[in-house]
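Record features (Swiss-Prot):
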BINDING   79, 82, 87, 140  [4Fe-4S] cluster 1 binding site
MOD_RES   384  N6-acetyllysine
BINDING   550, 574, 575, 709, 767, 793, 794, 795, 816, 817  FMN binding site
ACT_SITE  671  active site, proton acceptor
């Protein structure tokens, strides 16, 4: 009996065991069975689990905000990029958050980092440790929606880390004269005391302003201040602090360690005697606040202050912090941490990593009074730290030379808000170690004497003007913890930033110079910003290849003016006609597309419009062109014009446009709706003969270049382009919108629906949804007509997509829908993005990157994961009992490494230097054409197969399902571990990779065995019917 071909064989049926099936009955499972199921598949901590994960010597990232590229792109796309964004107003350094998130969503990580470091020289540090819930995130408008605020800190960290991996140095503002030609004032000696965040920020901005003799004096043998010594490695790795310090040193800032404030080393008076024109005090608050009951207690007895404990932990866990490598403090048994601020929580979680069995956070007030940010509180809670509120320490009990307990009294708040201690309510808490984290002060009389003659306030802190950061001594400024206004790293950074401008203003005044009334601090610059992205096409010089298409963003000439002010290289006017062809639009006429599904807000992949050409007169546009060219001579203005198939009309209108001063013309032969009914637009652009003749008429009429705007709504766009060239056109625009009907409502009415009759017409679809059509059009024209100039349009929404069109053969790029999604300022992102893409092509060390995307290391939730299979020879997923096994293996590995006590390798930073020329725009035009051809030219010998990285796999089974129901049933799915395995029947179709939600979890690699297609039946078998 012949086999039944339309039934799966037994092997395939086995593979399909877990494939989804439509449900025909309600499910029935016992509660006990479901409890067991839940335990097996659980990924988050079990609420009934009371055992603590072994964290000793585990200093891996624990932040919830950390993002990998996938998470960053999804989160950035979710951002609304609001007008007058509240997130920016809530940031102490006033980061342009909207702009840097825009860059991330466009995969321009360099551009995002440039925006971040321009306003915050410690942008990576702050991305990691900022209490964003109380700052930028607290003002996010998406807080008013179901999905909640954007993870701004995680996005800031991600972009900054990618830039860090690029290893590109900071440079002086390119607009500054060389150092030798700078005015004398810029050689003034400036001293900064303390190498913490405030000083690093202040020095960075002063160096960006052009000052060349800046020295930071630091009493420790390491730099970074509290970022280095008190914020733990698992929240802020030392290589991050070092990276930002190296960026500062790129500008020539000097650091001298081992120099403290004292009569015998550094004083303000000695600095003045040595010729320093200005000084900045950023020494923080170096001494701990302690309760009298701890007087005389030592570390050997089990007592630490946060100022003792955290630096000890840092020195043993932060690679590169100092030359020494000391062991972790040996903390055993129960630990009491006193305090409710961020430092107390850092002490608590650090104690677990030093071996503490249990940690109790004890504080005087209630939970609602905890000063630590919610992010830190939640982390301590997850790590099973215990919280004991309303307790004030009264007595430390010592036996045998060791702390054994602490006695507390209860605190209560009365009706007036005053806190009282109730001596009748006593709590006796056993402990082996006590860590006091009650805050910091400036107490050392030697330091105060060295700061003489500045005045101190009643809190024993320097008197400082909160606007200028100037002390009572005009040449001395201060910022950070020492001032008493900054409570966070980012506020200290802003103090230094604020002070830098007023130090600049002060020094310039000393040399008889003035500064602008409005502060103008320079941006962050690197060699990327020096890349030339200008391009020539048809004899026209474009300052950059990005321009506005003839569409909604150029509705009026004042909009074009604003676009040029923002940085756009060129613009087309909205298409205009002779007065006899003037139009009046309908409404509604521009609507969101359905190609993104039910996604609302910006980031739409398509729009549909039934808008006609400009409602403004030719006279308006001609006068506007004249005005724009007068004020923006370096920008290209192209007049977009449209007539019916009438020689006199085309010659008249083109001559008017030329006379207005337009650099070039665009002949709109492709408007897909409305105008075609009038014998214009599409009615002219679908016939090669009509196109050829119109171009001949215009060529007879004008001397300036002109370009025919082509429609994609034809069978053969090359024949239209060839006709335009034969008619004398200097190039073509490819392409206009695609004709379509976007959608119908449930009652059958269309959207947009005009008037009471709810009528509509086929409109023009634009946006990234039509990019594949536009890319095909550009490449086919470029291949058929080599060297023929092409202005690309159709789904260009980033530097990356723009580069695709340049590689396809276009010379310049027109943008519309991306501006409709956002605003004119996206041009800044496009320019920095394109510069970065070109620059990175010259760095040999980054040749494995895909544009600005680095290779993806194995990770879960954006954090690197150890390859468990290499440690134990077995693959384990990240859930249920397998997750517990993983944690145990990792804990054992961390202890093994601790016992080895290997010295940390030194941190060395050698910025990558271009080893080959940075390509110009002309060098990349048409680069992709060599890879395009017919299907017959493709090799069916060189095949690929899928490989899945089990460490990155999140066990969703999407690869398995698509392979089953849309492919070749070549993936097995383990019923217990949900780990997919690719079988040798994989044909390399790549569907699995296409639906996998994790970037680079699936890769296609070369097939090592010959590919033999499954024919179903042997060849040459007679057909059944």
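Glycine is treated like the rest: Cβ placed from N, Cα and C.
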Take the C-alpha atoms of residue 550 (FMN binding site) and residue 140 ([4Fe-4S] cluster 1 binding site) and report the distance between them in angstrom, rounded.
34
Which one of these binding-site residues has the most other Cβ atoms within 10 Å of its own Cβ: 767, 794?
794
Rounded to the nearest Å, what's the C-alpha distance separating residue 794 (FMN binding site) and residue 87 ([4Fe-4S] cluster 1 binding site)? Just drop the number here, would you?
32
Spatial neighbour of residue 82 ([4Fe-4S] cluster 1 binding site) that is closest, considering only the recorded positions 575, 671, 816 and their CA atoms:
816
Local Cβ density at residue 816 (FMN binding site) - other Cβ atoms counted within 10 Å:
25
Between residue 816 (FMN binding site) and residue 671 (active site, proton acceptor), how many Å separate their Cα atoms?
15
What kind of secondary structure is residue 140 ([4Fe-4S] cluster 1 binding site) part of, going by DSSP in three states?
coil
In the same chain, which residues outside the set 79, 82, 87, 140 have their CB within 8 A of the centroid of the CB atoms that define the [4Fe-4S] cluster 1 site?
80, 81, 85, 86, 97, 98, 101, 136, 139, 141, 142, 149, 150, 152
Just going by other Cβ atoms within 10 Å, which of the binding-site residues 82, 87, 140 has the emptiest spot?
82
Helix, strand or coil by DSSP: which one applies to residue 575 (FMN binding site)?
coil
What does the structure give for the C-alpha distance between residue 87 ([4Fe-4S] cluster 1 binding site) and residue 767 (FMN binding site)? Integer Å is fine.
28
Same-chain residues six or more away whose CB lies under 8 A from the CB of the residue listed as 'active site, proton acceptor'?
575, 612, 613, 642, 680, 681, 682, 736, 764
Distance between residue 384 (N6-acetyllysine) and residue 140 ([4Fe-4S] cluster 1 binding site) at the Cα atoms, whole Å?
31
For the binding-site residues 550, 575, the one whose C-beta sees the most other C-beta atoms within 10 angstroms:
550
Residue 140 ([4Fe-4S] cluster 1 binding site) to residue 767 (FMN binding site): how many Å between their Cα atoms?
27
DSSP three-state assignment (helix, strand or coil) for residue 87 ([4Fe-4S] cluster 1 binding site):
helix
Cα-to-Cα gap, residue 79 ([4Fe-4S] cluster 1 binding site) vs residue 767 (FMN binding site), nearest whole Å:
19
